[in-house]
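J.: Here it is, the structure in full.
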Amino acid sequence: MTEGCTERECGDIFEAAKKLKKMESSSSSAKDTCVQVALRIRPQGTREKLEGSRVCTSVLPGEPQVTIGGDRSFTYDYIFDQPTPQHAVFEGCVERLVEGLFDGYNATVLAYGQTGSGKTHTMGTAFDATAHLNPHDAGVIPRAIQHVFRKISESKSSSLSQGLLEPIFEVSVQFVELYNDDILDLLTEDRATSALIRIHEDNRGEIVLNGVAVRPVQDLETTMEILKNGALNRTVASTNMNEQSSRSHAIFTLHLKQQRVVSSLDENGQPTPPKPGDMEMEMLSAKFHFVDLAGSERMKRTGATGERAREGISINVGLLALGNVIAALGGATGKVSHVPYRDSKLTRLLQDSLGGNSRTLMIACVSPSDSDFVETLNTMKYANRAKEIKNKVVANQDKSSKMIGELRGRIASLESELLEFKQGRRTLDSDGTEVVNDQYHENVLLTAEVNQLRFRVKALTETNEILRSRNVDLMAAKDSAALQSSDSVNGNTGEDGEVDTVQKTFRKYLEELERTKSSLYESQATCDQLRKEMSRWKAQATGRIPQDSVFSPNITTNKLIDMARSEIDRERKNFATADAGQTSDYASLGAGAATEEDGTSNDADELDEDDLDRDEDMDEDEAEEMKKDAECNAMQDNLNDVMSEISIKERLIEQLEISEHRLQSLRVTYERKLSELSLRIKATEAERDKILAEGAARQTGKMSDDQAKRIREEYERKIADMRKEYKKLQALEREHQKLQEKGERERQQMRQYESELKDLKKMKVDLVKKINEEKKRQQQQAQANAKALAARDKQSRMQANKIRTLEMKDKQREQFLKKTTVEVSQLRKERAQQQAAARAQLNKTSTAAAMRTPRVPVNRRNLRAGQPEKELSFSPKQAKMKWSAIEKMLERSVVKRQLVRKMEDELERYLQERHKLISDIAVLEKTFVSSSEIIDRDGLMEALDSAKQKMIYLQEQITESQKAIVDVDEQV
Ligand SMILES: Nc1ncnc2c1ncn2[C@@H]1O[C@H](COP(=O)(O)OP(=O)(O)OP(=O)(O)O)[C@@H](O)[C@H]1O
């Protein structure tokens, strides 16, 4: 397990990081969310049924798809067909928005549709001052309010049951209407205050209404009362299309502020209760706009005149501006250049909800009747465009909670990152392959190196063991030699001076051996010390300090370490000298690159995208450079290893050479002594023989037999002693022989060390060469990179210039077009005036001369001639092409519009005929029932038959017209 972190802790950190990441992504980061669209088809009204209207919409069962006009289909996020009850609409698409309110997400529900299509019914603000609202018919707003208060009490009681701090909620409401482009506060009786209402955009980009009453509310009943009073204050009037038609756009806003204990999310993204000791508070705020738009209407159909017509125009202007905002936000390219929010107060009020920070739902309300075919088709198209709008949704947390959350997330992710480095966490890269991080690889390499060193230490320990056993042998030999020497002291005191010398020599020899052994130990210790030192350097290089890096103080060891350090320092200095040239080159290159950056920074604002690209490239280059640096460092480490190895081997060889030298000199001394002893044995034997021979010659008289015997015995004893001594010396010689053999083995080892040393030196040379080559290559690469960077900078500067030039040209072109348009309208005006004048003149004089009034040329060539030189030189061909394209497009859409209008009129005519025919049929049927004359009844029957035939024909025509409208409408 990794240092300083238990398995459990690691797991906890990972989990915490995971949860916080989820929290972060779910709360603080803005997410793109499309505006959701629901289509609600209201049931046919009694009047429509009586008028014989047929249902022209059909919904695919189980699919959110609707078909109209035969084969025109639209798909929405939700479709609620005719019989859908109110609660299903709320639960289907609004409830989750209310839930989001408690997590700090703004929401908007926008009811759109033609007049009488069911917007007010759906929103739930169709209150009757006297009648009690049937809970079953309650619309979206009452249900949302109910849900908010229910959820508040639920979360309070759930906190209490969990032993957590009770959350604090603040709920307030606002209710305004936009009538004839005036904002009116529906919660105040004093209409004069409305003049003081201002739309204001705060520093977070949120739209706020200054001067509008904010009513704090505590429970469902009070809020409903406020809602009801406000709704009853709304401007409504009766039109042909709707008994109670809303003549204004109404916006009911519910603000929710809460202070609660922060809850984290589990692995499934579900909130988990915080631990009792971990009670961090957060502040969340959110608002819910409920927008009941006034119905779009065709004056012809609503029969509006006077004030109603003025209202209708204002409503249609607002809705048109809303349509333009929707079109701009949901443009095919997805790139919004300008959104005309400021074109109307309605769009300005809805700026938050469309393209802003809100989860928005548009409920498009339509009538299923074929008499409303054109309006229904238009509403469906309008709603279809709204689907494309993308909002940026972010939870509204107070600044400090947000920051704390972000910091917690950051800490947790850093902790998990650290853990990943330590443990070698496997991750999936972009290709989906499993990878282990670099730090882990490095750890593995170091562990392998440590193992290798351990192996070598083991080998040295074994050598040590061998030397120790040899020491034991030698000690035994020494003891036996001492014993023999004491024997000889006891038995022979006369001629044993030479033997003593031999023994002394032998002792010296043993002492020498001991010295050699201790030298070997010393070199072994040096070797160990150097290895430890090496691993300490490595550990320092990787930021780790091994546990065994503390040694007992020892003067010799320290001396050796100092020696090794000075040697390494010397080598490092050598390399540093070799590097110095290249480093200064790198530094100058780096400075060059920095200067380049400074030079380009002035253009940073204009070159954002290019800079981003370049940053990415630079990141890649940096990564590449870092990789190379790592390689270079690895090589340097290798070189250091080789060098320390070399110094170890050199020391070993030195020691072996010294010991070999000592052995050699001992051998010579020893051999000399041996030959001296052998000569003396021979001389003694010769002396004995000689005395014996003389004794035999003098046998006759002077020496007795006993005398001779004594002399012989004495000499024989002497010789026996000497032989003994000789034997001892021979044994010693054998021992010496053995030692020599060992020496030979050591010499072999030395030769091996020497060849290894040679290899290592060669390796060192190769490595130095390789490092130099690598550095040279890196230098070249850096130069090439700097060059490429400079080239890229130059290119991006050029591109920026190009963009600026193009933008300038574009501006000029726009100005040119604007000026041209102004001039054209000016000329048209003048022309009209001239024509009027000419007509007046014609009336006066009745002569053709007046018709020759000089005409002001209005063709484009003349207009262009009036432009300054510069503008003319600016791509007139392009401007002409653009102009003609605009003209063609306008022409096409005008033709299409005219055609559709004609078809709509035709459809309207058929519908009216059908309406008339239905009432005719009703009259005929009535007369038929009341008539008693057979002749009359036959006539009536025939009339009824022909009316019914006509009805079939009319129905077919209506269907055909609807199909034709859809076909033309679909054409681009
Ligand atoms: N889903 C429905 N179920 C039953 N009746 C409905 C439904 N939708 C609308 N209605 C009825 O249709 C009539 C018109 O509805 P509503 O007033 O809500 O239309 P509107 O779109 O708000 O019209 P306007 O834009 O003119 O205010 C009302 O009498 C309403 O009760």
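Cβ coordinates are placed from backbone N, Cα and C, and glycine is handled just like the others.
The structure displayed is predicted, hence computed values, not measured ones.
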J.: Can you check which of 340-367, 368-395, 900-927 TrEMBL lists as coiled coil?
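T.: Residues 900-927 are the ones TrEMBL records as coiled coil.
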J.: Checking feature assignment: region 'Disordered' per TrEMBL, candidates 201-223, 707-729, 776-798. Which range matches?
T.: 776-798
J.: Quick check on the annotations: TrEMBL lists coiled coil for one of 117-144, 145-172, 229-256, 817-844. Which range is it?
T.: 817-844
J.: Below 8 Å Cβ to Cβ and six or more residues apart, same chain only. Which residues does that give for G113 (ATP binding site)?
T.: K119, L293, G295, S296, A364, C365, V366, T379
J.: Looking at Cβ-Cβ distances, which residues of the chain lie under 8 angstroms from G118 (ATP binding site) while being 6 or more apart from it?
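T.: Long-range Cβ contacts: R40, R42, C365, S367.
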J.: Could you say whether, by DSSP, T115 (ATP binding site) belongs to a helix, a strand or a coil region?
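T.: Its secondary structure by DSSP: coil.
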J.: List the helix, strand and coil residue totals of the compositional bias 'Low complexity' (779-789) as derived from DSSP.
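T.: Secondary-structure breakdown of the compositional bias 'Low complexity' (779-789): 11 helix, 0 strand, 0 coil.
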J.: Enter the number of other CB atoms within 10 angstroms of the CB of S117 (ATP binding site).
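T.: Result for S117 (ATP binding site): 27 other Cβ atoms within 10 Å.
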